[in-house]
Amino acid sequence: MGRRRPSPAYVALVGTLALAALFADAAVVPQHVVSTLDDAPPANNATAPGDVCSNLLSRQDCGYVGITKDGCTQRQCCWAPSQAPIPWCFQKKNEEYLCAADIVNRRDCGFLGISAQECYTRNCCWDSDQNNLNAPFCFLKQHQCKGYGVKGVQESDTGLSIDLELIGGPTGCARFGKDAARLTVVVDFETESRVRVKVLDKDTARYEIPTEALPSTASTIRRVDSRGYSFKYTESPFTFSVTRVSDGQVVFDSSVTGMDSLVYEDGYLEISSVLPADANIYGLGEVVTSFRRDTRGTRQTMWARDAPTPVDENLYGSHPFHLEMRDGSAHGVFLRNSNGMDVILTPNKITYKVIGGIFDFTVFVGPSPSDVINQYTEVIGRPHMPPAWAMGFHQSRYGYKNIDDVNSVVSRYKQENLPLDGVWIDIDYMDSFKDFSFDETRFPKAEVRALAENLDANNQSMILIVDPGIPILPGYEPYETGMANDVFIKTLTGKPIEGRVWPGQTYFPDFLNTNETWAFWQGELGKTRDDLGDNVYPWIDMNEPSNFCNGACTQNAPNANQVVKRDDAQPPVNLKYSINNAGNQAPLDQKTLAENAVHKNGLRLTDTHNMYGHMEAQATHHALLQLKPDTRPFILTRSTFAGTGAFAAHWTGDNWSQWNHLYFSIPGILSFGLFGIPFAGSDICGFNGDTTEELCLRWHQLGALYPFSRNHNDIHSVDQEPYIWPDTVLPATRQALQIRYSLLPYYYTLFDRAHRTGQPVWQPLFFQYPQDTLSLKIDKQFLLGDAIMVSPALYQGQIQVKSYFPGTGRWFDFTTHQCIMETDTSNNTTDPSGDRPNRYLFLPAKMGTDAIPMSIAGGHVIPIQNPQLTVAATRLQPLSLIIALDKDGNAQGELYVDDGTSVQNLNQARISWELNKGEQLVSHAALQWPSASLKGGVASGDLKGMTAAQAQDFRANLGHGDKIEKVVVMGLNFGRFGGEKDIDGPIPTAVSRSVEMRTQGRQHVNLHRRDQGRGHPRNAGAGERWGKQTVFKRDAEGQSPHHAPKAASSKVSDETPVFQAAKVSALSQLNVNGAQIPLGDALHPGLNGTAGQDPTTGFAWEVSQEAGSLTLTGLQMDLFNGWFVQWKMT
């Protein structure tokens, strides 16, 4: 907001003008008054008679004492020095300059500490009301832009082409530059659910994202007769709207009261769209903030920036996409533009202010949240399918002193029975921080290779960090090869642009050069693979690109804090609109390269900066595929853009070992799910600063469920491997990782679905419960897939978590199998004022005894496996099914299986399960296998279509357990019972609270082990983790309020208003694949329907009356064959 006070020279000059005004009525101005004024030509905006700046004596003052030409231009006024006693800075003709500028468009007119009177003296506006945008109190008057008018329209079945012309002549709006005189709006009805609106300068070609960075949508266009949207426009000024046909919701409308309809200038574009009051907006990033964006005033800047995760500022990635929930339906908007921008949310509108390129919007009409992400990722690219091993746990840190430190960590993980699949080494391994080198003293290449080989033998992998900056060192092979092949970004004078990062002075590869640079990058990565092995993968960091200088810097700068501009690096482009970089309108080259550097294809870094990391990820992905064409790459990248999820995983950067950053990891991962990057996570226990025992425990509990799960911290921070705290963090982490590894079949299926449809692995609650208005603001709970809700402890000293149970259905405790929330028949999910107190529970979360609270939604089947110490070992284990019945006794689930590594999976299986009316579980298997005799080389069907040899090869190639040995069915006492008091409404609050509080302090029983909480043996083997499922018993007051079948005709008397579950007591019939299992008869007198084991088949059963559950073991059902189990209960 700072402005200089006028200099004495300016005061004297304007004082002379004021003196001349005394003689305004005289025929001749005294010579001594005007002799100090040089004759000056008129300004560019006052060159012709009749022009808006051509008036000579009727000028209306637009300035103040001491104003300069630049200051006048900023006010969108005319500047013309004159010998006459008239203002040099004056208003355009026929324009009304007002103080009514919307807060979004306020332009600073003051300086730090300016008073209202000083503001008025400057001929400016004053409004000292506080605002969330930090907009100035003293701001310029503005005239309203007239916008563009329609001059011609061409319509077709697939869209429209609309010609526009600037209203008001060539001077136009001139907010921050010269307006384009003519525009063309191309409207393309690309599919039944998406429409693209592209605004082009008709006379001048402007930068657009190249197809090398973001592919054309041509391959995904589907022309249909019936579309789910309508497009409308107004002629003068031109505005447009998109309406969803199914419900009449106007999802984009650029006719916003009080805002300019369309500004299209050199270096500045602006447009707004109407929002409802208190809109539910999600996305727009990357940023550390809450998941639901604050529409009272949010300025989201998009300019890739290396910063240690400050709150509410622009960060490493840029994603100009948002999803909005409105009345239970969803839509999305994507601006296909890589330039710097501010996207501003204020009451009732969203405003885009972009400093280059074009407007290229795609509107997705949903109507479900999953539909929107499906439609969006179809445009930007589907998320990649990670290799199975990468879904395991990873250990890293910056600051391992030598290779022995790393070996020790690997050994300690195994010693403590902690699962581990990825071992990471930061820049410590490098020789003087040079890429593709090894410090032969601390990290000898031979010993690093030995570690990689040892990891490979145990089906584990190594990940090494690689930064983009290549040090300028003659004799250093990557530098010499890069210079010889001309792979570096250049200055305007044609020299490689120089920056400084860890190794010192560096050049930066030009990843938009998909020929020479990509070949160079592949060659260097290939040498690392040759040196270390194929189980070594790259972690690409510092790729915003980060720079220790502001812009280019010379080699003689003594340290990274001294910034010196190079003579051959042109000064930054003069961008008149300053985006809110770093929260303070910092220069665009702050801690990055000069933005006007150029690529080999002629594009400027001004336009492509936000895609640098995205292009490096794409080049790295391409290189790994070239090196091993049928092995899935794994890459972790810090900087991202729209579409990066097709190539790499992402972590949320240099977070802090603080409780609020534990929370921020949830909205961060949820947001990247919207951005098409579901394989995301945060550094467990925090990167910056020192963690604490309790914080690290809680972070491992939550982080073990991250889609990408890694412990990582800084060289200056204390050690934070889980075994540092052997009595607390270690057993809690072991427990948490066993939960994760047991859920690997479920995770793998979720990642496959993300790869096919874009569906996030972590989801906000409203993805499955869009009609539940309370779920729209919840970001301290999340869904793992469709079936599991996680309610983590996020505060110091927390012993319980207040958890909201969305929707109206049943919910079950993940570890005890108890139904903890019954069906709510009031169906009050859509009332914005309804707080639904009966849908909250306090879940136990004591440190050291309780696992992270997890709940299963009724109606789902979840596949699990016996957890081992690696993903590969876990995949070989038999499976079990956890089945949670809905109120009608139904449930469904699915599983995807392939070999876990191949890009082209000729062998794969899709398994589905369905349980109906609580009595019959059916499994279906759809298989694919290679067949040379068929077109396309693959066959599909079931095992009956294979030969014995094919079936054997199929199982061997998948490398996956193929037996289901255990089934747990929860909630068999579904339904309700009638009588004098129908129990047909929400659970009474008192009963709910009784259930909650009586679970406090009890020992949770994990699904996969006996030894929980403080009872863990530190060295318990993985084989001990499966045991008979025990059930927590409660007295009558604390029993879950299940409903018995209505036919039971049970009643509850007025004198005894106790809500009891209708208990199931025993099996009366059990049938497996048509074979009747004896439950006790003359031939089998020792068996009964409550618990037993058939001596012939080995099938065993147990009925829990309290939980209403049935456990079947010893099944040995073939995963890849169809089968069924049927039963009757008494």
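Using the three backbone atoms N, Cα and C, a Cβ is placed for every residue, glycine included.
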Practice problem: From the candidates C62, C72, C125, C138, select the one that TrEMBL records as forming a disulfide bond with C99. | Solution: C125
Quiz prompt | Where TrEMBL places region 'Disordered' among the ranges 215-234, 295-314, 975-994, 1035-1054 | solution = 1035-1054
Practice problem: Between C62, C78, C89, work out which one TrEMBL annotates as bonded to C72 by a disulfide. | Solution: C89
Practice problem: Scan C119, C124 and flag the one TrEMBL records as disulfide-linked to C109. | Solution: C124
Quiz item: Quick one: TrEMBL says C62 makes a disulfide with which of C77, C78?
Solution: C77
Quiz item: Of all the disulfide-bonded residues here, C109, C125, which one's CB has the most other CB atoms within 10 A?
Solution: C109
Quiz item: Among the disulfide-bonded residues C62, C99, C109, C124, C125, which ones place their C-alpha within 10 angstroms of the C-alpha of C72 (disulfide bond)?
Solution: C62
Quiz item: Of the disulfide-bonded residues C89, C99, C109, C124, C125, which one sits closest to C62 (disulfide bond) when you measure Cα to Cα?
Solution: C89
Quiz item: Counting only other Cβ atoms and using a 10 Å cut-off, which of the disulfide-bonded residues C62, C72, C89, C99 scores lowest?
Solution: C99
Quiz item: Among the disulfide-bonded residues C89, C99, C125, whose Cα is within 10 A of the Cα of C109 (disulfide bond)?
Solution: C125
Self-check item: Those disulfide-bonded residues, out of C77, C89, C124, that come within 10 angstroms of C99 (disulfide bond) at the Cα
Solution: C124
Quiz item: Looking only at C77, C124, the disulfide-bonded residues on record, which one has the least crowded Cβ, with the fewest other Cβ atoms within 10 Å?
Solution: C124
Self-check item: Listed disulfide-bonded residues among C89, C124, C125 whose Cα sits within 10 Å of C77 (disulfide bond)
Solution: C89
Quiz item: What mean pLDDT does the predicted model reach across the domain 'P-type' (51-93)?
Solution: 84
